[in-house]
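These come from Swiss-Prot:
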- Thr49, Cys50, Asn51, Arg52, Ser109, Glu114, Gly115, Gln116, Gln120: substrate binding site (BINDING)
- Cys50: active site, nucleophile (ACT_SITE)
- His99: site 'Important for activity' (SITE)
- Gly189, Ala190, Gly191, Glu192, Thr193, Gly194: NADP(+) binding site (BINDING)
Amino acid sequence: MNIISVGVNHKTAPIEIRERLSLSEVQAKEFLTNLIDDGIAQEAMVVSTCNRTELYVVPGMPEVDGNYMKEFLISYKDAQGEVRPEHFFNRFYCNTARHLFEVSSAVDSLILGEGQILGQVKNAYRIAVEVQSAGILLTRLCHTAFSVAKKVKTKTKIMEGAVSVSYAAVELAQKIFSNLSIKKILLVGAGETGELAAKHMFQKNARNIVITNRTLSKAEALAEELGTNQVLPYESYKDHLHEFDIIITAVSSKEYVLTEPELQQSMQKRRLKPVIILDLGLPRNVDPEIGNLKNMFLKDIDALKHIIDKNLEMRKCELPKVKKIIDEELVGFAQWINTLKVRPTIVDLQSKFLEIKEKELERFRYKVSDAELKRMERLTDRILKKILHHPIKMLKAPVDTADTIPSRVNLVRNIFDLEEQNRLSK
């Protein structure tokens, strides 16, 4: 029994190729159904995100390998001539398990430690379950991957520290003010960056968030989504600067949207109560001279980038710990697979000796009393258990290579004259 993984990701293919092979949920369900119905796969799962489309397959036919699955996916997406085999990676057996463990643990992500991928893998497994393409092997593989990801998250710092500008800004504000729930926050700009910053603030329990934007309806839409319903007209928001403890700017502007005189006047009204200004604009939205004002803490993208770099370096230092967790779980998963592979032989071995026992006891059925026969049954059961203990233990023992398993199986089948000696390899 083997499991292969094949696909494209940010390491193997450019974005246009990844986009070309991306599968929607509807397509993924159809693709998996085709694999199972056509007998190509016994089990199958597809993980498809913006950065990867990866297939995890238990082959249903001898000719199904990585190259077969590459061509099948290319054909399904009608991408012949656009996508080449060298755009794909290919894994099999335990390397497939290792790859999924690394993906689920976010160490194979475009951004190291990016935790969103685990939810995407869980969604891929859900789809496989719904179309009944997840059997015993994929189910065990996925649940082990989920367990690995949980251990990595709780026992390492691989997912800690902001690695995006908007999140770094929020973390910095929390470090300075500690409790964001009691602070009043102004967001200038409701575009993608501003929206992310506002949502990160909300996740940190900030609730008093006021939004302003050149297009008022966009500010209102974001405020409604957050549940704050607090907006200011763009033309008049500067009249209220003194009311805010944190100001986040994220607008597209060639000129500064906040100048030193404006903030100096605001600070006088605040009686010099501290203010954090987080300038997420590019070009900068805030006059850098503002940073010289007393109790005014100004951080721009460069300052936040420094925080991000430190966090990424910290995450890289956690990689050996993650690798150790993955290695330990991989050993357990490999041993479980080996047990699956030898199970038919163990069943045959037990069945053969049980049959011998029944035949021999049958000879005494009418020669001894029922009580004596039961004692003989208990005695023979104990003898069989001791006889079979060593060969079964040997079959289940850990192996260094996959080739060891067939040789063990064949040895046992030959010694005990079991039928279908090549059952495992078939």
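Glycine is treated like the rest: Cβ placed from N, Cα and C.
Mapped onto this structure are the features recorded in Swiss-Prot.
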| residue | record | CB count, 10 Å |
| --- | --- | --- |
| Thr49 | substrate binding site | 21 |
| Cys50 | active site, nucleophile | 12 |
| Asn51 | substrate binding site | 20 |
| Ser109 | substrate binding site | 19 |
| Gly115 | substrate binding site | 15 |
| Gln120 | substrate binding site | 17 |
| Gly189 | NADP(+) binding site | 27 |
| Ala190 | NADP(+) binding site | 25 |
| Glu192 | NADP(+) binding site | 10 |
| Thr193 | NADP(+) binding site | 22 |
Task: Densest Cβ neighbourhood among Gly191, Gly194 (binding-site residues), 10 Å radius - done: Gly194
Task: Cys50 (active site, nucleophile) in three-state DSSP notation - done: coil
TODO: For Thr49 (substrate binding site) and Ala190 (NADP(+) binding site), determine the Cα separation and express it in whole Å.
DONE: 26
TODO: Rounding to the nearest whole angstrom, report the longest C-alpha distance spanning Thr49, Cys50, Asn51, Arg52, Ser109, Glu114, Gly115, Gln116, Gln120, listed for substrate.
DONE: 15
- [ ] For Gly191 (NADP(+) binding site), name the DSSP secondary structure in the helix/strand/coil scheme.
- [x] coil
Task: Distance [Cα-Cα, Å, rounded] between His99 (site 'Important for activity') and the residue listed as 'active site, nucleophile' - done: 18
Task: Remaining residues near the recorded substrate site, that is with C-beta within 8 Å of the centroid of the site residues Thr49, Cys50, Asn51, Arg52, Ser109, Glu114, Gly115, Gln116, Gln120 - done: Ala106, Leu110, Ile117
